[in-house]
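Heads up, the thing below is written out as structure tokens.
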């Protein structure tokens, strides 16, 4: 009978207990409010709508990042595909031509996050999924329809509840150091078909009598 050394058995045991590399439990579509971002970083253009910051496959207990290799990204050559991405997912610190040529922002997000769902979505499918999920909600119009408009402060609870009314899931909010609404995370189950409450939402931290600015 073949006997494995005790150390080998221990390594195999640990590997069996580890999560499958690249497996994910949910996906978070991270939308950014360009005005808030551009108050912290010099921008080349400032869209007047929410734009995609990323689509992040993740696990509740273990953060997934960089599940592939640095050279896993393929430059997107298709013109309509690039245009569609730029409208929804622009690189705010670069001119349009530079963004679409170098694709640094898209590359960075895909290498860091997209590779963590590559067993299910290839690169083309990943970016198309991000665009499709973004198009499910007109977040800016929805906020306006619920009384949240630019230039005013609102409690974190009001913004959270409004977004949940629209998406049917509790969001993950992030703010700048100046307490401006920056990111809105909308979470989906692993099939990307159903909105869920975001696990472990960080949300914005404010004093009880202060709100956050929607600039």
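In case you wondered, yes, glycine gets a Cβ from its N, Cα and C as well.
Database features (Swiss-Prot):
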- 1-22: signal peptide (SIGNAL)
- 32, 53, 91, 92, 94, 105, 108, 109, 112, 113: RNA binding site (BINDING)
- 38-43: disulfide bond (DISULFID)
- 53: active site, proton donor (ACT_SITE)
- 67-116: disulfide bond (DISULFID)
- 109: active site (ACT_SITE)
- 113: active site, proton acceptor (ACT_SITE)
- 175-204: disulfide bond (DISULFID)
- 187-198: disulfide bond (DISULFID)
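Neighbour counts of Cβ atoms within 10 Å were taken for the disulfide-bonded residues 43, 116, 198; the minimum is at 43. Of all the recorded positions given, namely 32, 112, 113, those whose Cα is no farther than the 10 Å limit from the Cα of residue 67 (disulfide bond) are 112, 113. Separation of the C-alpha atoms of residue 43 (disulfide bond) and residue 94 (RNA binding site): 7 Å, rounded to the nearest whole number. The 10 Å shell around the Cβ of residue 67 (disulfide bond) contains 20 further Cβ atoms across the protein chains shown.
The Cβ neighbour count for residue 204 (disulfide bond), using a 10 Å radius over every protein chain in view, is 19. It is 27 Å from the Cα atom of residue 116 (disulfide bond) to that of residue 204 (disulfide bond). Nearest Cα neighbour of residue 94 (RNA binding site) among the listed recorded positions (53, 113, 175, 187, 204): 53.
Non-local contacts of residue 91 (RNA binding site) by the CB criterion (under 8 A, 6+ apart in sequence, same chain) comprise 98, 99, 104, 105, 106. All protein chains considered, the CB of residue 187 (disulfide bond) has 23 other CB atoms within 10 Å. Geometry remark: the residue listed as 'active site, proton donor' versus residue 32 (RNA binding site), CA distance 6 Å.
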